[in-house]
């Protein structure tokens with residue numbers, strides 16, 4: 001596979017003209033300088049598309065040349081302490097106060113604690129994959145940069161484009177939830193602080209100015225300083241931990257061990273169905289991986305920060321679940337406000353305000369970490385010229401991507417202002433699971449394939465094993481969702497096991513991690529692929545339709561603009577590199 005080469009010198013040449021604010025700098029590439037050039041570019045689409053489908057970026061390009069295109073470097077101000085609290089702030093939102101009650105009552109009973117353990121272990125597999133990449137390729141692009149290096153430009157763009165949409169929609173919903181919880185805290189109906197406009201269509205007529213104010217506050221924090229955002233986040237997260245401790249200690253004083261019987265009223269299937277839903281309570285750590293470029297010592301800080309935050313989050317979720325199930329019989333747990341109603345049932349109705357305060361804190365830090373993460377995704381995409389390089393600009397004084405942050409949060413604010421939670425209710429991120437799966441595949445490719453070194457025979461074995469791993473995982477998800485039998489599950493899981501075993505025994509690893517690596521490769525990333533595909537099978541049809549429509553829009557944009565802009569950028573870098581080498 002071809003690998004475009006570039007160096008710091010090439011990057012500097014692009015840097016001088018790629019991040020200006022004049023109109024021509026939004027599309028500075030050769031293909032867009034005239035209609036004649038653009039027509040020639042469109043005619044060359046098949047050739048260029050084939051080149052981008054097969055080309056893989058290089059680590060040097062992502063770490064040196066891409067950074068140079070942002071004019072200024074992001075400040076390296078974060079430690080493992082910052083990353084750990086960013087992870088906690090990103091993951092522990094308001095969902096824990098709702099999801100636990102709903103799934104305990106409907107699907108798991110007190111065995112919901114086992115569901116949280118299963119979900120936490122599953123999420124940890126993805127954390128391991130992200131951690132190895134973030135240590136080896138500490139850049140702001142996160143999974144976009146990792147996939148560019150291992151699976152190529154095209155796959156990386158489609159994946160990152162989808163996750164940016166999920167960030168915008170998800171943050172809009174979270175911002176509107178902030179208003180609802182704030183109204184509850186003030187002893188009002190959730191819609192009391194919204195403006196009703198009867199002339200607007202339903203679901204778009206409850207205008208939410210408070211959501212706009214919250215987003216502006218978050219944007220100001222995210223733009224001003226990443227370190228400042230970190231300080232705010234861990235102070236707020238410590239406050240949240242204090243609220244969780246209050247709920248646990250106060251709740252356990254009203255505990256009744258008899259409420260733990262029966263422990264698993266819905267059986268093993270209920271436990272696994274619940275774990276698939278609760279997995280989404282752990283989503284958010286991927287935003288932390290985009291901060292690797294601003295980390296002082298990635299080799300040490302990233303593993304401690306990411307893995308530590310996931311361990312703390314899993315423990316917190318399990319303890320909260322145990323507390324809730326000991327306070328009330330699972331049949332009496334309220335689906336919408338489980339902890340508030342549980343405290344009211346034991347005569348502590350005032351505690352609902354503490355729960356609401358905890359939810360508001362959770363929503364605020366989720367918004368902040370997502371704002372920081374999504375801006376860095378957008379920044380690195382812009383560095384590759386797949387979108388306008390104007391979005392890649394890093395501010396000289398603050399060391400933050402100002403244009404990307406403001407643009408993403410402006411889009412979020414517009415949607416949050418008009419659109420009701422009914423439209424934005426499905427926060428189960430198909431794109432996130434899709435990227436988790438691709439990152440796990442990318443890790444296997446990274447360990448087992450090196451261009452120019454891996455033999456064709458080993459490459460073909462790798463491809464066959466990956467196809468069987470993915471295919472058997474899809475079969476497991478489909479069979480689980482459509483049948484109560486076990487024969488199909490045994491067959492599909494046997495194929496997964498044998499194909500992973502064949503990869504482990506039959507294909508030599510081509511690359512070892514330099515600093516920190518995922519243990520038990522290929523077993524852990526293969527299991528991560530299987531779990532993420534299994535969870536994708538639990539998502540509703542509407543999400544897949546939205547995923548398909550948005551992916552179609554991304555493809556159209558890529559064919560008409562992104563492909564030609566990024567192709568021109570790569571060609572310019574190669575030309576510059578050759579000129580530099582010839583002058584030496």
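Cβ coordinates are placed from backbone N, Cα and C, and glycine is handled just like the others.
All annotation found in TrEMBL is predicted automatically rather than curated by experts.
Between the listed ranges 43-63, 232-252, TrEMBL ties the annotation transmembrane segment to 232-252. Within the same chain, the transmembrane segment (304-330) stays apart from the transmembrane segment (207-225): fewer than three Cβ pairs sit under 8 Å, each pair at least 6 residues apart. If you count C-beta pairs under 8 angstroms between the transmembrane segment (514-535) and each of 108-130, 207-225, 350-373, the highest count goes to 108-130.
Within the model, the domain 'Cationic amino acid transporter C-terminal' (516-566) shows a mean pLDDT value of 88, rounded to a whole number. Outside the transmembrane segment (430-450), and at least 6 residues removed from its termini, the chain residues within Cβ reach (under 8 Å) are 125-126, 129-130, 132-133, 143, 146-147, 149-151, 155, 159-160, 162-163, 165-166, 283, 286, 458-459, 462, 466, 470, 503, 507-512, 518, 521-522, 525-526, 528-529, 532-533, 535-536, 539, 543-544, 546-547. The domain 'Cationic amino acid transporter C-terminal' (516-566): residue composition by secondary structure is 40 helix, 0 strand, 11 coil, according to DSSP. At the 8 Å Cβ threshold, with sequence separation of at least 6, the transmembrane segment (272-292) lacks contact with the transmembrane segment (547-567), having fewer than 3 such pairs. The stretch from 207-225, 232-252, 462-480, 547-567 that makes the most Cβ contacts under 8 Å with the transmembrane segment (350-373) is 232-252.
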